[in-house]
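Comments concern the structure below.
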Amino acid sequence: MGLFGKDRGERIAEFPCYLLETGTHLVPLPGILYNLVIERTYGERILGQFRGIGEAVDGALTGAGEAAEVPGRVAEVMKAFQERYDSGDKTQAVYICLVTEAAAGRHIGCIARLTGARAEGGELSVLLRGLVRAVVGQPVPSRRNEMWNGSVTVLDDAQRVATWGARQLDFARQGVFGAFEELDAGIGTFTARFKSSQKRGADGAAHLLTLSPLANTLFFHFSRSSFERSWKILRTMMHGFRDAKKDIRTAMDMLSVADLTVGLLPTTTAQRLEFLQAEDPAARIKTFVRHMQQLLEVFGSLYRATEYVHDRFETHGPIAKSQLIANQLRSLRFYIDDIKRNKPESGPGGRSRRLLPRPASGNSAAAGEEDDSEDSELVAIKRYVDEIEVKGVHADGVKMLKKDYRSLSKMHVQSTEYQMLRNYFDFIMGIPFGIYVSTPEIDLVASSRKLDNDHYGLVQVKKRLLEYLCVLKLSANSPGVTADAGAIEDGSATKRAVVYENKAQEQRKTKVPFLLLVGPPGVGKTSVAKSVADVLGRRFQRISLGGIHNEAEIRGHRRTYVGAMAGMIVNALCKAGCMNPLILLDEIDKVLSVPAGAGASRLNGDPGAALLEVLDPEQNHTFTDHYVGFPVDLSQVLFFCTANDLSGMSEPLVDRMEVIHIEGYTYEEKIAIGRHFLLPKQIRLNSFDMTGINLSLTDDAWRTVVVDYTREAGVRNLDRQLGAIVRGKIVEYVENNMSGSGDDVVTQKNLPKFLGLPPHSLREEVTQTTSFAEKYGVVHGLSYNSDGTGGVLVFEVIRSGDSRDKRLTVQTTGNLGTVLSESVSIATSLVKSLLARHVVHSSADDTSVAEFFRSECHLHVPFGAVPKDGPSAGAAISLALLSLALKRPVDPALCVTGEITLRGKILPVGGVKEKLLAAQLQGMGLALVPRGNRNDLVELAEDNAETQQRLLADPALPELATLQHKLGMAVHYCSDFRDLVLHAWPTADNLWHACEDSSVRPQL
């Protein structure tokens, strides 16, 4: 028959079972982490039955006596159960069915996975995580705390939920969600009222609430840090289900949330037992709703009782009031004495068996002092240290925090060291160890639609982000959220609990990519990161790295220094409240502006080098902040970085990230962004939508605003100018006594009224000629600026006379760099070679060429205050020198870019898209670019990958026609200097010789 019975397909024979002790009040539920503490010898005898099956068992039994070999049947049962109900982890595990009291003749329990165990002293701590409900068949041993192999029937909720109709699925979502929302509001109201009643200025009725033992018990439970963290996670999960689909997966998620909620809340043992024994999922949801309503009724009863006592209290005189208060104090003292006298419970044979967490044992003097302590914050630190091992903190951190707490408990409260250590613990308790916000179900269509709605264009960026979303959807193994038992049972956790982190679970975590968005200011790099955080359901944190010059800003200061604090990365985790947020490292190129070896770098460290560990997926799971002092796991943090220029960044840092270039927008794209995004935003921000007027701009007005009033790669200036137009319209509306409706169109003639006169157009400067200057020797080149934008440069060459030695000399000015000066030398040699070999000639006589060879020339590039460098001006300089030699002017609407060689080859250059955008804005009519940049032009012409491949395969160069229509100017390729000359003077006959004679043939 196999391991699973054929009648229901869920019965497992010979499954290890453990009958819980009656007085433990433990009701195991799926998804909850429990710590079982039993006598060591007895516990080792039980765990010895599973020796060799799981790493946790073998680790706990190290050094213990030999045990019998595990029966093959038990190992086979474990393997079969894992494959069917816990297949997410391939590591062999141990499972035990925790059995509770019998109800209606049936024993029901929860199958749990043994995740950790540790022996210390005479006790053994066993950590168990509930997985699924199960019904145990007869017979069941009569003695408690006994282990036996019995027949269990697994209650698989998925099989029953699969038979539900739409009405039941909707009830599952609405029932759990509605009950949770009401209870969440009720808990918030109760804690707020209780806190206000503790203040000195509260009225008498409010103070009476603190005298209720039930109110104090509830407030103590709700104010525990473990409960607050777990409840916050549940609240986040429930908010994610607000708009969830009415399907089977949502219903299963709601059942899991119900289990976690009942386990977290201070419900009674009878309520938890009733909830555990609800086999039918539909009945379980009804039970959940009823229990939540009962807890709300408890709050209402407390409020009504407080009001009743207050009304009766006011009718008594001062003596009666004093007697009532004295009775309260006397009862409290008697209760404290009883706690001190109580001994820990023992099972048969004097063996201590208990479930943790529970109050500290009465035979411990330190525990008694702690119970009587008035320092609630110190008690909170003690509780945190006791529970630190189940929070996923690194082993080094666990050891260090326990050592620091022992030191803290021995220090005087007034000492400086005490205050420093207290501040340190306050910060550590704020780090959200073990808290991961689960990624909601990924809808690729909705995600793509959101990215398109938030950003215009950016095709490559959206493509890469959708690839990452597909990986997440396929893997679907982001860290889950489970509540630990420290937030479930009453009392404080024990420092004996130790969790051995499962290595296989660590390996299943999806490695997140590190994306570096590079582009000019204002193109949407930061807003893209925000949109991705919304799509992934991750909390967003932004860290501005501009001006950071100290390594301690990243790694933190060592806490021995006065005023020490943690670094930006750990602080971002604290603000996010989880260990898997999306952190944006903004302007990462600015943090590396200090040259290597500079004084500041030596004194304060290199913050760029500190980022190497943060952005390395092989290292950041053990990132160490100097203030924290132990490794912090950053492996599930999604880092986005932005930069304007990569030239100042170190290669190792860039190599750790995937670089995505975001280019500047064309003016058509800017108009589309302004019309569909920016103008509606400004209308909304300035409340112009309340006027009922439909504001718009004409096409000519849009073009004028984009071309004349804003010269940038991004759209920030455009946003400001549109805001000025909207505010101007608001002034008109107010001056017209708040009257007006219908459409209001801003024309090109209206723009100076709102924006003033446009800045003087650079286009006029570069195209106009002077009356006394020669027209030849002037060529327009294209440049790529450090801010990611393009520009148009003017290369002017004039003949200032004959040189002294009758040889051609060229003087350069205009703040030219080394590479650009070398391009001038290369261009000079090339032109001299072509003219000397008569490859190019001007007329029948060569007087102009002869004059050129003995000339003293001067080459100048205007705007001398701006440094200029790079190889892409070689083609333009060569054409300018040839224009001077031949005395042939070049069309002022022509612009050139490309690196020139001594053989006349024109090599590809970078920033072609930005250069063409600049040429378009300056009104150029023809742009000549290297043939090697065809891929760049194809990407500029089309966004679709398939269309790009088709264009590249077409020898007719169809992308040039597309670009002419898109940019409004002609674009042509140039492979060598000959192509450049023929495009510059297309009407000149016989300007370039075919040169069949090898003695004069140019080596091209």
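The backbone N, Cα and C atoms fix where each Cβ goes, glycine too.
Taken from Swiss-Prot as is:
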type	residues	note
ACT_SITE	Ser872	active site
ACT_SITE	Lys915	active site
BINDING	Gly519, Pro520, Pro521, Gly522, Val523, Gly524, Lys525, Thr526	ATP binding site
COMPBIAS	357-367	compositional bias 'Low complexity'
DOMAIN	15-296	domain 'Lon N-terminal'
DOMAIN	773-987	domain 'Lon proteolytic'
REGION	340-374	region 'Disordered'
Collapsed DSSP category at Val523 (ATP binding site): coil
Around the Cβ of Pro521 (ATP binding site), the count of other Cβ atoms that are within 10 Å: 18
Lys525 (ATP binding site) CB neighbourhood, other CB atoms within 10 A: 26
Whole-number Å value for how far Val523 (ATP binding site) lies from Lys915 (active site) (Cα to Cα): 16
Sparsest-packed of the listed recorded positions (Thr526, Ser872) - C-beta count within 10 angstroms: Thr526
Long-range Cβ environment of Gly524 (ATP binding site), under 8 Å and at least 6 residues apart: His455, Leu458, Ile662, Gly714
DSSP state at Lys915 (active site), helix/strand/coil: helix
Per DSSP, three-state class assigned to Ser872 (active site): coil
Cα separation, Ser872 (active site) to Lys525 (ATP binding site) (Å, whole number): 27
Neighbouring C-beta atoms (10 Å sphere around the C-beta of Lys915 (active site)): 27
Gly519, Pro520, Gly522 as binding-site residues, winner by CB count within 10 A: Gly519
Other CB atoms within 10 A, centred on Val523 (ATP binding site): 27
Inter-residue Cα distance where the pair is Ser872 (active site) and Pro521 (ATP binding site), in Å: 23
